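The region 'Disordered' annotation in Swiss-Prot covers 67-173, 185-247, 286-392, 416-476. Among the features that Swiss-Prot reports, compositional bias 'Low complexity' is placed at 87-105, 123-138, 346-356, 369-382. Per Swiss-Prot, phosphoserine is recorded for Ser122, Ser202, Ser215, Ser222, Ser382, Ser463, Ser473, Ser1264 (among others). What Swiss-Prot records for 185-198, 441-451 is compositional bias 'Basic and acidic residues'. What Swiss-Prot records for 197-385 is region 'Binding to ABL SH2-domain'. Annotation source Swiss-Prot lists phosphotyrosine at Tyr246, Tyr554, Tyr644 (among others). Look at Swiss-Prot and you will find 498-691 tagged as domain 'DH'. Swiss-Prot lists Thr693 (among others) with the feature phosphothreonine. If you look up Swiss-Prot, you'll see 708-866 marked as domain 'PH', on the strength of sequence analysis. Here Swiss-Prot flags Arg1090 as site 'Arginine finger'.
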Amino acid sequence: MVDPVGFAEAWKAQFPDSEPPRMELRSVGDIEQELERCKASIRRLEQEVNQERFRMIYLQTLLAKEKKSYDRQRWGFRRAAQAPDGASEPRASASRPQPAPADGADPPPAEEPEARPDGEGSPGKARPGTARRPGAAASGERDDRGPPASVAALRSNFERIRKGHGQPGADAEKPFYVNVEFHHERGLVKVNDKEVSDRISSLGSQAMQMERKKSQHGAGSSVGDASRPPYRGRSSESSCGVDGDYEDAELNPRFLKDNLIDANGGSRPPWPPLEYQPYQSIYVGGMMEGEGKGPLLRSQSTSEQEKRLTWPRRSYSPRSFEDCGGGYTPDCSSNENLTSSEEDFSSGQSSRVSPSPTTYRMFRDKSRSPSQNSQQSFDSSSPPTPQCHKRHRHCPVVVSEATIVGVRKTGQIWPNDGEGAFHGDADGSFGTPPGYGCAADRAEEQRRHQDGLPYIDDSPSSSPHLSSKGRGSRDALVSGALESTKASELDLEKGLEMRKWVLSGILASEETYLSHLEALLLPMKPLKAAATTSQPVLTSQQIETIFFKVPELYEIHKEFYDGLFPRVQQWSHQQRVGDLFQKLASQLGVYRAFVDNYGVAMEMAEKCCQANAQFAEISENLRARSNKDAKDPTTKNSLETLLYKPVDRVTRSTLVLHDLLKHTPASHPDHPLLQDALRISQNFLSSINEEITPRRQSMTVKKGEHRQLLKDSFMVELVEGARKLRHVFLFTDLLLCTKLKKQSGGKTQQYDCKWYIPLTDLSFQMVDELEAVPNIPLVPDEELDALKIKISQIKNDIQREKRANKGSKATERLKKKLSEQESLLLLMSPSMAFRVHSRNGKSYTFLISSDYERAEWRENIREQQKKCFRSFSLTSVELQMLTNSCVKLQTVHSIPLTINKEDDESPGLYGFLNVIVHSATGFKQSSNLYCTLEVDSFGYFVNKAKTRVYRDTAEPNWNEEFEIELEGSQTLRILCYEKCYNKTKIPKEDGESTDRLMGKGQVQLDPQALQDRDWQRTVIAMNGIEVKLSVKFNSREFSLKRMPSRKQTGVFGVKIAVVTKRERSKVPYIVRQCVEEIERRGMEEVGIYRVSGVATDIQALKAAFDVNNKDVSVMMSEMDVNAIAGTLKLYFRELPEPLFTDEFYPNFAEGIALSDPVAKESCMLNLLLSLPEANLLTFLFLLDHLKRVAEKEAVNKMSLHNLATVFGPTLLRPSEKESKLPANPSQPITMTDSWSLEVMSQVQVLLYFLQLEAIPAPDSKRQSILFSTEV
């Protein structure tokens, strides 16, 4: 059973007074049946509404005619102030209208109209003799500004005033029936059988003369004039305040349609000025035959005219220039007389201009809501104008037409069934071309049509969705998905105009596509020619694979373009193009072959690029022709981009046909051909997508919920022993592994899919399945440390360049080098395996540096797997489109490198973080528990410390302190584990850890909060478990300084010569004791000297050595070996002067920088032997110990380089007086750079001595002195 999710809630929100209907939707078939019933119900109800509206308007009009009680204010009349000649005149107000008064009530007074600037208020503007009273300013002087308004504009002003913004006149009369008369020379002469003033009559005479001049000009003008730009603001040819488009008969086809078309379709020569009747009567209420036409030849008798009364269209756009020609709307057709429910159905097919109810079918104009009225702009593309239906077929009417580039062209009107009927465009903009692909109504239009559309992969449409730019939502509904059987002639005309625009868009798109195919073919011919030579770039087989079916596709579309281009150029509405689309659809089999080969072609192209630098250069620089308007005649494209073009093209084939069919009348000869082409295209896409309906369900996790991205990050994949950087995306139904393609200048990111696994097929491998899996190749620590040193050095160079204000080229070069080194470090450092297994038998291994991240990925995948129930497979097209979408969906936009950080981002903390892990609560049962600590360093997380295991408890109290070195760190993570001594207790995932992760959490290291160097307590919550911590931070500028000795007793902080003299020994006792204990039981301890010891144990040992406690050896035997190693490091760190002394430290730094190996060895050995005796012997003793530790590297993972990294700064770091650090610690970048330089030097000095095979002993004389003399 299909659950209509959200339907009831949405229904109640929309219709709170009614209960939602019950729908039994058990299958897709039930949904389709319910949809058909809904459509049928809407058609029936719309038919009934149209019929009732027909009857209502007829009765309203009949009642108005009988009572002669039209609202005068609605028709623009006010009680005018007495003119000098005493005549009563109609005048217009430009102010906001008030609601119509009730019957018998006097309307409120009116203000005098004010002159308004261009483009303000009513589009019609004030017109001499019509829109202004004679006494208004400058009303009599308008003759010098241009010809007076046309009669059509004069009459349409009444409607403008009705919808204007004026206040009713002070002494306006009650509404009454209006009848006006005009003479062919004198213009308006009577209103309700009362003569008008001489001034009105003279202005009317001027208007009639102007009409005749324009008619003669229009009959003889060239078609080319129609290409003039649409009127904006005040006309350059006429300053009378009337829309220039309406003044020019040729420029404005709407003027022709509204005013020059006879309702009876009889023969009528255009603009015959000498055959007018002396007087004509205008029936305002019912719009008699002469209405809306201006002075025309009347070949019918009065009785014939009365037989065909028409109800005019209503002008709903009070702020549009295009309303200037709009006719009169009687009160009966106003939306104000409809209830809200009636207005909801005012978008039906009946909403059109209609002839008399006794002769023609009734139509009503489209409705707009008041809010839409208020927002209608001068560019409104919905100019409603009254139109009669027929004209003589020999009277050519030229219309302005918008193409996709906004150029006005000319075209002939489509004659319907040979009757020469003119079909008015109710929506298409003639004054302003509608936007090509305008999105104003696009979403609404797509929603209306989605029921009829087949499933297409979600990709942007290449075909235009043409819709009027300023069209209101009520206009948009008329072109809805439910095609009414009563399609009006106006809709037919609109569709045919749209059809030309759609075809123009297809033609432009086809031209671009051909240029891309040409760019693909361009290198193919020379490559084929070179394949037969002794030095081929590619083999013939490789060329055939990469460019498979590209020549055939080019020929198919070249033939299609060559056939379509002349037909669009010689356009008429009778033009047929359906055969071209039908033939194109019949050749889609070539695309089938191309799509099937696409994945192989891409893989082959990538391999060839890697193997052949010449081909790689060619594939990245393919030139395709640009648009004519582009500055550069060609654009650079990669081979991968161009090979995807046909795949993208074929997925959009049905969208183009849908648009074309939507605007092709069913009676047009092209309609069946286009339908056949659409059917072929739909079947083709369905066959490619392999039973597309089940896949759509599998591609959604829940009903109505589409695939979404849950998590993504950069990870290292182990492929045949090699490390590869990948960007991994976790979607709601699959795991996708991609490779970030190399980017050339200015190009956007692109991804290449390596593999994917549906979540229903994914599992995590167990250790039993991994017996044959090889060990993970680990990178030696010294290599990683060397990379870190290089990175620090490059960062220092970048800062030096910035401070020196040198050119950006050097800085950019260094930044590029830094990015390469950081990327290499990120690639080489992870060593923790994260393996996923597919049901088809394939396994994939990722390397992660943090168990926290590994656990997070597992949790997210397992949580999502609970919602996935069905396996599926993606076609190459779907996979490519999904991969392309990753660019927009990704949340991690760049590799986590410090070079990618913004300048204003925090550089992180450098120094030492002391962490005390106190206790944890929230465990449900007693277990053996321990915690580990991770911090981020150089863009990735590493494990830094581990507590002891607290056995058999649900509330462990560790109270252990750790000192963690921070290198640009921003986050501290803690993970809590249950130690599993029974190996079979839990599955050994990844063949790595046998311990169970109980919880994980993290805390941000805020520099502001940690700067006071005081202990701060915090609680980290994780899965119901709470761990209590205390943290304290010592920044690098403080930790680098050695404090001078303030005491002469004890061991720590006392000069080494003083200690050895007091102890009468060559090497301090603390050094000998710690080394002996470590060599006894710590040589195979993983990470010895690198893993932090428990701080409390270290402090206890420190106190014992300081007071010369005789039980110190007993204490050491009971303590963790890492605490003993920590105590030894602490002793050397707290020496008031480094073991290599402040005096010789600069010399050691200079000696290690020598390039000549012989000179370096001589210098370094001489410096070493120049150290004070206690320092030298202690160092040699320690050096031998460290070399023995490194011999166990295979077990303890401590190489010579690792040991040098740990002890270098400890043994050589200068004291405060010799530190090269700046005195001002408020410069973190400078401090960090100085530290990096010193650390590099210190590590290299110690590493040099560790790597020397033998260090010569001091000479015998000195030896005897050193070992015999008591100090």
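Using N, Cα and C of the backbone, Cβ positions are placed for all residues, glycine too.
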Reported as an integer number of Å, what is the Cα distance between Arg1090 (site 'Arginine finger') and Tyr644 (phosphotyrosine)?
52
Tyr554 (phosphotyrosine) to Tyr644 (phosphotyrosine): how many Å between their Cα atoms?
14
Taking the Cβ of Tyr644 (phosphotyrosine) as the reference point, list residues of the same chain whose Cβ is under 8 angstroms away and which are at least six residues distant in sequence.
Tyr598, Gln880
Counting every protein chain present, what is the number of Cβ atoms, excluding its own, within 10 Å of the Cβ of Tyr554 (phosphotyrosine)?
18
Neighbouring CB atoms within 10 angstroms of the CB of Arg1090 (site 'Arginine finger'), all protein chains considered, total 19
According to DSSP, Arg1090 (site 'Arginine finger') sits in coil
